[in-house]
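Single-structure report; data block below.
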Amino acid sequence: MAGFTDLREKLKSMTPHRDKVFEYSDGEKRKHRESDDDESEHEERRDAEASKVKSSIKQANIFTQEECARIEAKIDEVVAKGDKGLYREHTVDRAPLRNKYFFGEGYTYGSQLEKRGPGQERLYSEGEVDDIPDWVHELVIDRLVTHGVIPEGFVNSAVINDYQPGGCIVSHVDPIHIFERPIVSVSFFSDSALCFGCKFQFKPIRVSEPVLYLPVGRGSVTVLSGYAADDITHCIRPQDIKERRAVIILRKTRPDAPRLNSSSLSPSIPSSERRHILKAKRSHRKADPDAAHRPRILEMDKELQRRSLSSRQRRHGDGSSENSWRKADERELGSRYTHDHAPTRRVKMRRH
C-alpha cells in the first residue's frame, strides 16, 4: 500500500470505472459501467448548469456590522413575541430547529397542503397574518430601495426564518404562481451558505453534492431571478448552519395568486378575535422526565401504610400464625375500601 494513505484511495485507483444503476422502462434495474468520458461529460453538464445559476444571482454587502446588530435585536423581539403568543395564528410556523414568521402575506406549503406537489400552494386569506413590522420597512426594505436592489413598493411579503445549529430547509422552488421575481434575502447572526440542485434523503438526513455552493455572509443581500429562481431548487443544508442564523426574505405576491377560502381556516373564531385568545405555542418550562413515573401518594395512603406496618410488627412480636396475618390484612383492606368509597369523601389529586 505504498503511496496510499487510505485503503479507499487504493481501491479507487484500481477501479477506474464506476458502476451506475439505471432503471429501464420494463422496471428492471441493471448496472451500467460509467467510463471516464461519461463522467467528464457529466461534470461538463454540471459546470454549465452552475454557470447558469451563478449568472442569475446577485449579491451585495449593504449592511454594516452595527446595522446588523440593530436588526438582530429586532429579530429577537419578534421571537419573544411569538413565544408569548402575541401574533395571529398563521404568522408563526414552527419546525424542528427552524421557525418561520410570516408578515404581510403567508401561504401553505409542504405538509400543510391537502394535495402535495408544485402549484398546490395557496396564500392565506387577507388578515390571517400580521402586517410587516415598521422596523422591517425602515431598517431593511428602505435601504434596499435606496441602493437600487428593489423598486419602491415592491415588497408586500416578508418572512423571517430563524435557524438553530443543524437546522435546514429542504430543496424547493419558491412557488412561481404565488411570488413574482426577484426573490430577495438578507442574512443575519452568522455566515452560512445557499446550495442549489441538492437532493435530500431522510432517516438519517443526507444531502447530495450541490450544483452550486453559494457562501452567504452576515449582512449580505442575495437576489435570485431567472434560472436560479425558477429552474433549479435551492436549499440550506444542516451542515451549513453551524451557529444561529436568521434570514429575512422579501417578495411580492402575484395579483392572481390563489388564496385559501377563509371558511376553511377557523370559521368559529373571527380573525379579529384570534389575536387576543392565542396562547404561546412553545413553553420553555423544563419537563421532569421522572414525573410520569413517580407514584402520587396521598396523606390518607401514608397513614394507612403506617398502620399496616405497625400491625405487622405487632403480629411478628406476638408470634401469630400466617392465617391470622391474612385475616388482619383482609379486614384492613375491607376497611380501606369502605373508607375510600364513602360517598361523602372526596380526595383531590395534585399533579406533580
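Each residue, glycine too, has its Cβ placed from N, Cα and C.
According to TrEMBL, the feature compositional bias 'Basic and acidic residues' maps to 1-35 (among others).
Sequence annotations record features per position, and here TrEMBL assigns region 'Disordered' to 1-52 (among others).
Annotation source TrEMBL lists compositional bias 'Basic and acidic residues' at 42-52 (among others).
Per TrEMBL, the feature region 'Disordered' maps to 257-352 (among others).
The feature compositional bias 'Low complexity' is assigned by TrEMBL to 262-271.
TrEMBL lists 276-285 with the feature compositional bias 'Basic residues'.
The feature compositional bias 'Basic and acidic residues' is assigned by TrEMBL to 286-306 (among others).
What TrEMBL lists as compositional bias 'Basic and acidic residues' is 316-343 (among others).
Here the compositional bias 'Basic and acidic residues' (42-52) has long-range neighbours at 34, 196-197, 211-212, 227-228, 231-232, meaning same-chain residues at least 6 beyond its ends whose C-beta is under 8 angstroms from one of its own. Broken down with DSSP, the compositional bias 'Basic and acidic residues' (42-52) shows 11 helix, 0 strand, 0 coil.
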